[in-house]
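What Swiss-Prot says about this protein:
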{"type": "ACT_SITE", "residues": "ASP139", "note": "active site, proton acceptor"}
{"type": "BINDING", "residues": "LEU22, GLY23, VAL24, GLY25, THR26, PHE27, GLY28, LYS29, VAL30, LYS45", "note": "ATP binding site"}
{"type": "COMPBIAS", "residues": "480-490", "note": "compositional bias 'Polar residues'"}
{"type": "COMPBIAS", "residues": "509-519", "note": "compositional bias 'Low complexity'"}
{"type": "DOMAIN", "residues": "16-268", "note": "domain 'Protein kinase'"}
{"type": "MOD_RES", "residues": "THR172", "note": "phosphothreonine"}
{"type": "MOD_RES", "residues": "THR258", "note": "phosphothreonine"}
{"type": "MOD_RES", "residues": "SER377", "note": "phosphoserine"}
{"type": "MOD_RES", "residues": "SER491", "note": "phosphoserine"}
{"type": "REGION", "residues": "291-376", "note": "region 'AIS'"}
{"type": "REGION", "residues": "478-519", "note": "region 'Disordered'"}
Amino acid sequence: MAEKQKHDGRVKIGHYVLGDTLGVGTFGKVKIGEHQLTGHKVAVKILNRQKIRSLDVVGKIKREIQNLKLFRHPHIIKLYQVISTPTDFFMVMEYVSGGELFDYICKHGRVEEMEARRLFQQILSAVDYCHRHMVVHRDLKPENVLLDAQMNAKIADFGLSNMMSDGEFLRTSCGSPNYAAPEVISGRLYAGPEVDIWSCGVILYALLCGTLPFDDEHVPTLFKKIRGGVFYIPEYLNRSVATLLMHMLQVDPLKRATIKDIREHEWFKQDLPSYLFPEDPSYDANVIDDEAVKEVCEKFECTESEVMNSLYSGDPQDQLAVAYHLVIDNRRIMNQASEFYLASSPPTGSFMDDSAMHIPPGLKPHPERMPPLIADSPKARCPLDALNTTKPKSLAVKKAKWHLGIRSQSKPYDIMAEVYRAMKQLDFEWKVVNAYHLRVRRKNPVTGNYVKMSLQLYLVDNRSYLLDFKSIDDEVLEQRSGSSTPQRSCSAAGLHRPRSSLDSVTAESHSLSGSLSGSLTGSMLPSVPPRLGSHTMDFFEMCASLITTLAR
C-alpha cells in the first residue's frame, strides 16, 4: 500500500507527481500526473474510499478497474496502475489532451461528414473490441468519448459495464436517458450488445447534426419519444448515412443493426483504416518486446531477468511491469496514429526517406541541421507535420559548424534513458518541459549558486540525433529582456539558434555504449558580457561532468 508524499509542494503518489485538476466526478477528482522518471503524462482518477462505501458503489468501481485492466486498444483509455492508500484509490490512466467529444460538438457544432465517419469508425472499433471480450459498455455518450491531440477518439468510463456471458441477459437500467435504448428505459430484458449499438447511433447522429435525435427536458416525454423511435433527419444528410442511422435506431432490438451490419454498410466502409478491424486481432498478444525491456532496465537500473520476472508474475502493480506497459503503449500510440494518417495524407520531405521512422512527440528537427528536402507546404494537412514546428522559412539557412552536445544514432528513447541515468548519478535536479526537452540545474558546492542549462534532443537527419546543451543564465536573460525571469519559466528554455561568441574548441569523441559521440563547442548567447562568478566555467564543468558520465 503506497503513501502520499510531497514533491516541491505537490502531492506525489508512487512514481507520479500530481498536477492540475482535469475534472470532478461523483466519487472524486481526476488530476494530471507525471511519471518522475519517464516524464509521461497520465490522468489520475482519485476515488475516496469512504465516499465509495457510503454510495454503495464498490461493485461499480471494481468492475471499472477489472474491465480497464483487460483492455489494450488504440481507442480505449488504458488503465496503467491502481495505487491504494488508507483513504483513497488512485487509478493511473492514459492521458489525452483534447477533452470530451461532447464539449467539442458544443463548441464547433456538427462535424463534417468525412470527419464524423472517421471518428465513428474508431468508436465502433472500440465497441467491437469490448463486445468480443464479453463486455458491454452500457453508458456510451459523447461525454465518455475523449479526444487526443490528433483528434482520435478514446472511449472512457467503463464503470457501468457488465461482463456478458452466453445466454445471460442484463436487467439493470442504467446510463443516461438521452442515449439509452428503448428496452433499457422500459425495464425489459436485453442481451447487452444491442444497447451499445443504439447509443452509437445517437452519437453518430450528434456528430452529423450537432443535436440529439431524442431530447426533451420533461423526462416522461423524452421516454415517449425514445419508445416511439421517431426522429428528424435533416435534408443535408445523404441517403446512405440516413439508412444506417435508421437501422441503428430501430426500436425493436431484434431488427436493430449489429456490428457486422454496420461494418458491411457502404457508408461505413469508405476510407476505413485496416488497423481498426484486423483479420487477425493482435491487440492483446503476449509477446515480450526486447527493446522495451532494455529501456526499462536502463531507466530503473535493473536487470532483464528482473523485468521478465515482473512481467511473468502477473502482478499489475509491479513498478517494472507498469513502466514496461507505459513504454509499449506510448510507442504504439505514435505508430498507430502515423499509420492511419499517412494513409490519407503522406508527409513531405525527409519523412518519406525512411518509412520506418516515426518522430515521437516533443522531438524537433535541429533548426540548423534541417535536411534541404524539408520545405514549408502551403498548408500542413498531416498531423505529423505539427511535430515539425521548426521548419525553415528559407532553404538558404546557414548551417552552424559547432555545437555543444552529444550526437548519436541510438533511438531517442534510449538516448534520454541514458541522460536520466547520468543526471540521477550526478545528483542533478531537472524539470521536464517535454519528453525530449529538460531544464537542469546543479548547486555549486563552493559558491552555493545554481548553474542551469537546457537539454534538448534534436533530429539532425534520418538516423542521427543531437543532444544540445545550452546555458541558462537568469541574469543574462534579465539583461536581454529588461526584466527578471522566474526560475521555472519555460521562456528561459526557448529555442535560439546557437551562435558562438567564443573560440570553438573540439574535444576527442567519446563513446557511449558504442553509439554516442560527443563534441564540445561554445553555445553562449552573444553581446552579453560575462558576469562575475564564473558562470561560463561552471556551465562547462557541468557539461563535462554529464558527458563524462554518459561516456562510461
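Glycine too: its Cβ is placed from the backbone N, Cα and C atoms.
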For THR258 (phosphothreonine), nearby residues of its own chain (Cβ under 8 Å, 6 or more apart in sequence): PRO193, GLU194, ILE197
Which of LEU22, VAL24, VAL30, all binding-site residues, has a Cβ with the fewest other Cβ atoms inside 10 Å: VAL24
VAL24 (ATP binding site) and the residue listed as 'active site, proton acceptor', distance between Cα atoms, whole Å: 18
Packing count at the residue listed as 'active site, proton acceptor' (other Cβ atoms within 10 Å of its Cβ): 20
Model confidence over the region 'AIS' (291-376), averaged pLDDT: 60
Set of same-chain residues at least 6 away whose C-beta sits under 8 angstroms from GLY28 (ATP binding site): LYS45, ILE46, LEU47, ASN48, LYS51, ASP88
